[in-house]
Amino acid sequence: MSFSDQNLIWIDLEMTGLDPEMHKIIEMATIVTDSELNILAEGPVIAIHQPESELAKMDEWCTTTHTASGLVARVRQSQVSEEEAIDQTLAFLKQWVPEGKSPICGNSIGQDRRFLYKHMPRLEAYFHYRYIDVSTIKELTRRWQPEVLKEFSKTGSHLALDDIRESIAELQFYRKAVFKI
């Protein structure tokens, strides 16, 4: 184990939609890496129970995607509440990173943070206010070095743990291909 204020917390959420005022979190996962993007530990992967009334708010894309991945079935079977998911995740993170030190890391992570702020403020408060958003680097690369993007592709399973692993791999790719580090 390597507890450090230099470790990075990666998080991904799957939600019933894109509006935190209307939709809910249905899955979350975390990974901790060191500052060199080496995976140190994978946190709990949690399907969060939501009532049918919340699942009914999903649009066609969410319903199709989350049903095909098996996530909807896992959410229906889950007994884990949002508060329990927070407690499990914080117990994991506290082993690896002090509170307030790691930026929140991921792809389009601002969207995840909006949901955390609304539905899981205790967990959101554990992160530093800064972001490491891989999608920002992707958008800059698309504009400044578009040929580089042809060298990397993602599967896009829309399962939280898989998405985090892909985000880390994507940042490792940009580190070598764009930043030449």
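Cβ atoms are placed via backbone N, Cα and C, with glycine included.
The active site annotation in Swiss-Prot covers Tyr129 and is backed by sequence analysis. The Cβ of Tyr129 (active site) has 9 other Cβ atoms within 10 Å, all protein chains considered. A coil conformation is recorded for Tyr129 (active site) in the three-state DSSP classification, outside any helix or strand.
Per Swiss-Prot, domain 'Exonuclease' is recorded for 8-171, and the stated evidence type is sequence analysis.
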